[in-house]
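A.B. asks: Let me give you the structure first, and then I'll get to my questions.
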Amino acid sequence: MTIIVTGAAGFIGANIVKGLNERGETDIIAVDNLTRADKFKNIVDCQISDYLDKTDFVERFARGEFGKVRAIFHEGACSDTMETDGRYMMDNNYRYSLAVMRACLDQGVQFLYASSAATYGASETFREEPEFERPLNVYGYSKLLFDQVVRRVMLTALSQIVGFRYFNVYGPREQHKGRMASVAFHNFNQFRSEGTVKLFGEYNGYPQGGQMRDFVSVEDVVKVNLFFFDNPDKSGIFNLGTGRAQPFNDIATTVMNTLRGAEGKPALSTEELAQEGLIEYVKFPDALRGKYQCFTQADQSRLRAAGYTAPFLTVQEGVERYCQWLLKQPV
């Protein structure tokens, strides 16, 4: 039975396609926009049955042109939190998602989609409840508005609808994202090219490099998606993070020590790296003041209650694995 992945050449979408392949699934229709042609590299080692441009997909799916479809993993979106074109953001993230969901409901197709922890914005509590949702940018609002519609639709839906509020995801196949790629990716490239890593200095009560995020490996993101794919009776909106906030210092230290280890050099503590000038703390940029999440940490209660019991990788585990993968890629 056919599976459809939108955003299939993007970061999370490509990893989901690869994860499905590893389970023997190859009847996969990949949907994306390859205006950025280099994104093809994300799925060059994947097996798919067809590729469609996103502009052609929704109407054809709504007409039932693809026969019996089991599920759609809807990962396609504009994920640039600095995007200021609100009309583009709402059309791409909200209107398009509505059309995909409605077609799924009409045909009884499982609908698993990407929401975001950006829906919480300035909140200090990260639980899937309306009182904690205060997005700081139009990206977060576009995701929240769709979540709000989903909450109403789920009351009467006869097929699965699952939204995943992704926290700070890192891992393979994100190189096309540019400035929106993970901190781990940028730290890796900066240390290799410059021999140092730059982190934000003190801001909003947090020490240098001490701003904390829930960094989650894309390996775990794929596992959670596939868990719900295997359990079509479970619907809801779920946080997808480790439940453990870690400072940016941990990312930088893990990246640098992995690269040092590859050169036969000993591991150093964060303090030692800073003392040797290998970590450089820079003034927090004025452009981000008031628009920046200094702390995120997923409340996993709802995810665990749904039956997902597997442990999540720590930054030290996941980032080291990611760096080892990056080291094997062609320069």
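Positions of Cβ are set from backbone N, Cα and C atoms, glycine also.
Okay, these came from Swiss-Prot:
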- 11-12, 32-33, K39, K54, 75-79, N92, K143, V169, K177: NADP(+) binding site (BINDING)
- Y139: active site, proton acceptor (ACT_SITE)
- N168, R179, H186, F200, G201, E202, Y203, R213, Y292: substrate binding site (BINDING)
- K177: active site, proton acceptor (ACT_SITE)
A.B. asks: Which of F11, Y139, Y203, Y292 (the recorded positions) has the most other Cβ atoms within 10 Å?
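C.D. replies: That would be F11, with the highest Cβ count within 10 Å.
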A.B. asks: Let me know the largest Cα to Cα distance in Å among the substrate-binding residues N168, R179, H186, F200, G201, E202, Y203, R213, Y292, as an integer.
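C.D. replies: Answer in Å: the longest Cα-Cα distance is 22.
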A.B. asks: Taking Cα atoms as reference points, rank the binding-site residues N168, H186, Y203 by distance from A77 (NADP(+) binding site) and give the first.
C.D. replies: N168
A.B. asks: Rounded to a whole angstrom, what is the C-alpha distance between K143 (NADP(+) binding site) and G201 (substrate binding site)?
C.D. replies: 30
A.B. asks: Provide, as an integer number of angstrom, the distance between the C-alpha atoms of D32 (NADP(+) binding site) and G201 (substrate binding site).
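C.D. replies: Here the two Cα atoms lie 38 Å apart.
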A.B. asks: Given N168 (substrate binding site) and K39 (NADP(+) binding site), what distance in Å do their CA atoms have, once rounded to a whole number?
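C.D. replies: With distance taken Cα to Cα, K39 (NADP(+) binding site) is 21 Å from N168 (substrate binding site).
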A.B. asks: I need the CA-to-CA distance for K39 (NADP(+) binding site) versus G201 (substrate binding site), whole Å please.
C.D. replies: 33
A.B. asks: Return the residues near G201 (substrate binding site) by Cβ distance under 8 Å, restricted to its own chain and a separation of at least 6 in sequence.
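C.D. replies: The list for G201 (substrate binding site) reads Q208, G209, Y281, V282, K283, F284, given in order along the sequence.
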A.B. asks: Please identify which of K39, K143, K177 has the densest Cβ environment, defined as other Cβ atoms within 10 Å, among these binding-site residues.
C.D. replies: K143
A.B. asks: For Y292 (substrate binding site), which of the recorded positions F11, E75, Y139, K177 has the nearest Cα in space?
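C.D. replies: Considering only the listed recorded positions, the nearest one is Y139.
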